[in-house]
Structures are given as structure tokens and as C-alpha cells.
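Trainee: This structure is in C-alpha cells; I'll ask about it shortly.
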Amino acid sequence: KPERAKSKGLRRNKTHVLSQEERVFFSRLLGTIMAHHNEDEGSIGTSMHGVTAREQVFSFSVQGEDDGPSSHTVRFDDPTAKFALPVDSEHRATAFKPFSFAKPHMRAFHLGWISFFTCFISTFAAAPLVPIIRDNLDLTKSDIGKAGVASVSGAIFSRLAMGAVCDLLGARYGTAFLLMLSAPTVFSISFVSDAGGYLSVRFMIGFCLATFVSCQYWTSVMFNGKIIGLVNGCAGGWGDMGGGVTQLLMPMVFHVIKLAGATPFTAWRIAFFIPGFLQVIMGILVLTLGQDLPDGNLSTLQKRGEVSKDKFTKVFWYAVLNYRTYVLFLLYGFSMGIEMTINNVISEYFFDRFQLELHTAGMIAASFGMANFFARPLGGYASDISARFFGMRGRLWTLWILQTSGGIFCVWLGRATSLPIAILSMMLFSVGVQAACGAIFGIVPFVSRRSLGLISGLTGAGGNFGSGLTQLIFFSSSRFHTADGLSLMGIMGMIFTLLVAFIHFPQWGSMFFGPTSDEKKSKEEHYYAAEWTEEEKRQGLHEGSLKFAENCRSERGRKAASDGSSPSTPPENGNPAHV
Amino acid sequence: MAIKKLLFASLLICSMIQSSHGATKERLFTDLEKGSLEITATPSRTGEGVVLAAGIDKLSITWKVSSTATKEPEFKTIKVKLCYAPVSQVDRPWRKTHNELFKDKSCPHKISSFSYDPTVKTAQSFDYTLERDIPTGTYYVRAYAVDAIDHEVAFGQSTNEAKTTNLFSVQAISGRHKSLDIASVCFSVFSVVALVVFFVNEKRKAKIEQSK
């Protein structure tokens, strides 16, 4: 009898042992509820299965384990399943071993983040070579700026569509489709002969940034909810590093091709074949080595049970009604958005302003993007630590401090006239702004439970939007010197970061105000249950939200412990989903 | 911590780069003696609206020291450069003219550099084939006379002070190659076909398994 209970994820240590009838009854009830709750993130059109920080838990009180079922029901009763990592009842890994390539979990993790990394390389591959490209194609500053805007705009839409694609085809094909269908766009750079062609190709290449979604989707079906925050944070941060590595890789490749005898205006075109090859190779690796789900591939598994998905219109409605969605959209636009803008402009900036060699400028630009390796997880971690002491208020202040200091150092970077100071300010700026990205996703999971996937996706799209906007205003015309553009962008970022003060939770308060004194409204349950209509509540569809509400009482900070309310673990353990 | 090491290393490297710039900082273009060198640049093809092709067409450059030159004894080397006319600098801040010589970006393309022979007083000329990395634009030619410590002391240019006369246009090479285009198409096709093959294959296998 203990084995049976354990395999369902229940611990006997606390309250009751279920009798046979109870077990049958509850597992049927569970079946329906599970199907509902995991579908709110996964249903076609909600776009963001896989961007969630946590999967939901069972409706009745269970101490400890968080076994979230995935949207694709799998066989739990396979006795011969042998995995290299410890797994839960869904065969999702409960441990994260970054140095392992074991099938299927760690392999999926590595294939996922490397695919995302490769797409970042392709999207920003042109940036360090702009000094050569602008001479070849006779580009003006506005041409270069517009192409930069185009390179990040495509992903706004492709990211929103990607969740649906992954639902239909599975993470493997979602990733492979994106990689292998956008590889031709990378190769087509050899046909470009003017500003219009350059802009179109950069726009088309930019679509592949949606691999972020497929990567996070894949890790979410492979890893247990307890560690998904850390796993997604690493995948997101290490993928973002691609924007830095490309600044180093492309000038090096260009230089080698020139040494081999090609003239510069041909060499840069040949250099683009490298990201193209990487994409094709990764696509093939994903298809041959990867696996959609812990138990096998989507097409060879039988789907069991009815999977009724949450209505997209409802999920959309509650996301749109929640004002915090818009605040986060803008905030992320001035953290991730600024980061992507810098990926596009910083190499050219150092090349022109300090008269450096192409590969030296590339090296400096690369260190901006590579700081992501630790800076992003650091931000998420700082958010979690501050929440331990000060609850949600701590998270908000952490975000504000990180993003504002990022803005300050951005202003300093624009003002710097000597190279050492410029590099110093750039490094501090990179840590500030990238940690802010991590901190934002420390808050996103709490904004909504029902519409979490969509809000995460919208926040991510906000990053691309912010990048397009800042490039359009500050770096597309001769109105501002690039240095002034940087400083003004920093100031604009600091102004928008003030919006953090407007994020208010009735149950936890905000930066300056405490939680509401209203007895009913100050409960977490009230906030999360408000996303369900009475009819839905009667059907019990909101059970997952209630469980979540119970779990996030720790967002009250130290008071939660002294309140004597349930000392449950906070929903994130480490860093939540990163975009 | 990794960031401290990175910061320290980059500070160290960059302070070394920084110090090498110190010597040339304050020298201004306006300090140079104007018109010391008389220089003319004749394109191999002339005429209304003629655009020279990079890598193919030539410039015939003739120069001599002007009789009004006062700093002539200091001349050690003559550096001849291809410079952008104002029309090619519009909306392109990386080609901007600056008074500080080390900042000036308007003459980035080196044509030739040779030592100055004070004994030869007559005009000398040489041919220059436009390099294949010259961008599309409108240009003139300028020659700097450089002294023993590599400081510019005088200059002369093939156009007037307002840079409106005797300009010539160059069309850059496209950089495209048929072989590159073909390779690009081949790899693109391979990528799409490989994906389709995998997809179809897997669907077929799934059907077979389901029918079992």
C-alpha cells in the first residue's frame, strides 16, 4: 500500500491513508481537475505552455510534493521505465544535473537551451559586422536602425504563436521547425544587395527567437515543478548569452575568411553560413536525439483521457483585465528590451567611438551578453531572497533597484569618453539590466494563476517591443549621437521603472503601501479565485488556483511565519520561468 | 567572483590601449598648412554622370610641392588618401569630419604612402586602381605631408575648400557571387527537405505502430 500512495505523489506522513474507494474516487476527480488546470497554460492559443514557473497541484491538502501533470497525459504505470535521474510519477525529473546528457531529461534541457542560443547568434549575427555591411550596401544610419528594429519585431508574433505550435507538434518539432525553416533566411543573406533586402532578411531571421518558447515548453514537460524555476532560469540565461557570443564569433569568422583570401564585401556573406550551419545541425540533433516527453515521442504515445482545455477567450480576458500585465509588459521592455537593443548597437558603438579593431569591439560587446550566464539567475535569486524577508514588497524593491541601477550605468556608458570607463560602466549596466530581467520573472508567476502562460508570453513580447521602440527612437536617425542615445535610453528606462510602484497586490501590498485592511480581500485566495466565474467555481475548476494561493502565503514575508498560517514552501524554488 | 576578474582584466587591457592614444590627441586639422601640395586626380573614365567601378577603374594622381609651401624641409613622407565628399557623409556619422586629426573619419582609405625626395622638384604621378573594398560614394583625393615623428604638417587636396569641384563617383563591388548564391540555395533546400523527410518518416512510423 505505501508504494501505491507514493507513486501518486501522496505522502502518508501527515493526515490520512486513503482507502481503496477513496483512492478511486479522488483519482477520477483528479483526472478532470488536472485536465482543466494544466490546460490553461497549454491550450492552443494561450501560447505559453512551458513558460509557467509551476505546474498546479492536487486539490486536497498534501504536504510537500508538487506533482503537476503535463498537458499530454502519459502512462504512469510503466514498470520498466528506467531513468538516469530521479523522477516523479509523471516521469518528470526531480533533480537537475547540468553536466549530464542523460536521456531524456537532461538531453532535452541541453538541446533546448542550445537551440535557443543558436537562434540568438543568428538574430544578432549582423550587429558586429555592421561596419563592413554598411559600406557594402551603402547604408545610412536610419537604414541600420530600421533593420535593427525589424530584427526584434518578428519575434513578438512568432513567440505568441509558438505555444500553439508546440501543443500541436510537440516541443521537438516546434524547435526543429523553427530552426530548420529559418536557416534558409540566414543563408539568404548572400542575396542581399541594398538596404531593403538587408531589412527584410533581418526581419525574417528574427522570427526564430520564438525558440525561447519551445525551449521552456520542453523543460516544463521534462522537469518537476519544484525545480522548474532554476531549470528555466538557466535555459533562458544561457540562451540569451548567444547575443554576446555572436559579437565575438562573427568578427573572428569574418577575419579568418578574409585571411583565406576573400574580399571583405564577400567575406561577411560567407561568415553568415556559420550560424546557418549551426541551425541546421541543431535541428537535426533535436530531431534525432531529442524526445518530446519523458516516455517517448508525441506521435508514438497514445493519448489517454479527455483533455478539456481552458477556454482561450477566458484566459485572454483575465490577462487583459489585469493592469499588472501592462506594467510588466513595459518594465520588461526596458530591461530585456534594452538588452537586445544593446546587442544590436554596442559593437558598432565601440568600433566608431574608440577606433577599435572589429574583433576588439566584438570582444567588448560580447562580454555584455555573456554576463547573462550568472547575472540573470542572480536577479531571480535576489528576488527570492528578498521575498523571504520582505515578501512581495521585497521583490518589487529588488526589481526597482536592479533596473534603476541598470539605467544609471547606461547613462554613464553614454557619457564615458575613455575606453576603460566605458567598459566598466557597460559591465555594471549589463549586470543591472540582466538581473532585472530575472527579477521580473520572480514577480510574473504571482500576477495571475489562470492566465500565467499568456501573461508570461505577453511580458516576453514586451521585451521585443521595448527593443524595437528604443532602437527606433534613439538609434535610427542622425538626431542623436549614439552616445547621447545611450544616455537618453538609460533615462527613459529609469522613468519607466518607476511604474514598479504601481504594482499593488491587495493581499501583499506594494512598494509603498501595505496590504488592504479589508478582511476578505486581503486573502490570497480571494485574489486568485477572482479569475473564475461563479459557474466555474461551482464546477471546481478553480481548485488549482486555491492551492496556489495557499502555497504563496510566503509572499507576505516574515509575517507569514509569525502569522502561523500554513508554512508551505513558496511556489518557486530558485528562479522562475525566464523569457 | 567571475565579474570581478572580468572587470579587472578588461580594465587592465583597456588602460594599455588608452595610453597609446595619448600622443596624437590634440593635433588639429586647421593647424596644418593648406595648399602646400598641389594634387590632381584624374579618373580613367571621365564625363557627365560617369561612375567608376571599384576594382576596375583607375585614378591617375599627379602631385607636386607648391611654391608657397613653408614647411617643406620637415616633409619626410607623403600619404595620399581617398576622402569622402560631403554628400557621402550625410546620415553617416561614422564618416564625419572632425577637426582633431585622430578623430577625423573623412579620409579612411589609404591610396599610397611614399617617402619624400626633396631633390625632385617636378610633378610626379602614379596610377591607383580603386580597391575592391571601397564603398559606393563620391570622393576626392587628399595628400598629407608627414614629418619624421609621424605628425601631419601640411596637406593638399584635389578639390576646393568647400569640396564641391573635381569630385568623382565610385560604385562598389556587390560582394555577391554566383557560387555563393548557389551554395545558399543548396543548403536552404537541404534544410527544408531534411525536416520534411524526418516529419513524414515519423508520421509513417507512428501510423504503422498504431495499426499494429
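Note: Cβ is positioned from N, Cα and C throughout, glycine not excepted.
Feature table excerpt (TrEMBL):
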TRANSMEM  A:108-127  transmembrane segment
TRANSMEM  A:176-193  transmembrane segment
TRANSMEM  A:199-218  transmembrane segment
TRANSMEM  A:230-250  transmembrane segment
TRANSMEM  A:270-294  transmembrane segment
TRANSMEM  A:315-338  transmembrane segment
TRANSMEM  A:358-375  transmembrane segment
TRANSMEM  A:396-415  transmembrane segment
TRANSMEM  A:421-447  transmembrane segment
TRANSMEM  A:454-474  transmembrane segment
TRANSMEM  A:486-505  transmembrane segment
REGION    A:536-579  region 'Disordered'
COMPBIAS  A:536-561  compositional bias 'Basic and acidic residues'
Trainee: According to DSSP, how is the compositional bias 'Basic and acidic residues' (A:536-561) divided among helix, strand and coil residues?
Mentor: 21 helix, 0 strand, 5 coil
Trainee: Examine the transmembrane segment (A:176-193) against the transmembrane segment (A:486-505) and state whether at least 3 Cβ pairs sit under 8 A, considering only residue pairs 6 or more apart.
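Mentor: In this chain the transmembrane segment (A:176-193) does not contact the transmembrane segment (A:486-505) - fewer than 3 Cβ pairs sit under 8 Å.
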Trainee: Would you kindly list the residues that approach the transmembrane segment (A:454-474) from elsewhere in its chain, counting only those six or more residues past its ends and only Cβ-Cβ distances under 8 Å?
Mentor: 46-48, 51-52, 145-146, 148-149, 152-153, 155-156, 159-160, 163, 209, 212-213, 315-316, 319, 322, 325, 328-341, 344-345, 437, 440-441, 444, 447-448, 480, 485-486, 488-489, 492, 577, 579
Trainee: Would you kindly list the residues that approach the transmembrane segment (A:358-375) from elsewhere in its chain, counting only those six or more residues past its ends and only Cβ-Cβ distances under 8 Å?
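Mentor: Beyond its ends, the transmembrane segment (A:358-375) has Cβ neighbours at 127-129, 131-132, 237-238, 240-248, 250-252, 254-255, 339, 342-343, 346-348, 350-351, 423, 426-427, 429-431, 434-435, 438.
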Trainee: Considering only Cβ pairs under 8 Å, which range in A:199-218, A:270-294, A:396-415, A:486-505 makes the most contacts with the transmembrane segment (A:315-338)?
Mentor: A:486-505
Trainee: Grab the same-chain neighbours of the transmembrane segment (A:396-415) for me: Cβ-Cβ under 8 Å, and only residues 6 or more beyond its ends, written as numbers and ranges.
Mentor: 331, 334-335, 338, 379, 382-383, 386, 390, 421-422, 425-426, 428-429, 431-433, 435-436, 439-440, 442-443, 483-491, 493-494, 497, 500-501, 503, 510-511
Trainee: Short question: which residues 6 or more past the ends of the transmembrane segment (A:199-218) have a Cβ under 8 Å from it?
Mentor: 47-51, 108-109, 111-113, 115-116, 118-120, 122-123, 125-126, 143, 146-148, 150-155, 157-159, 161-163, 165-166, 171-172, 174-175, 178-179, 182, 185-186, 188-189, 192, 232, 235-236, 239, 279, 290, 292, 457, 460, 464, 577-579
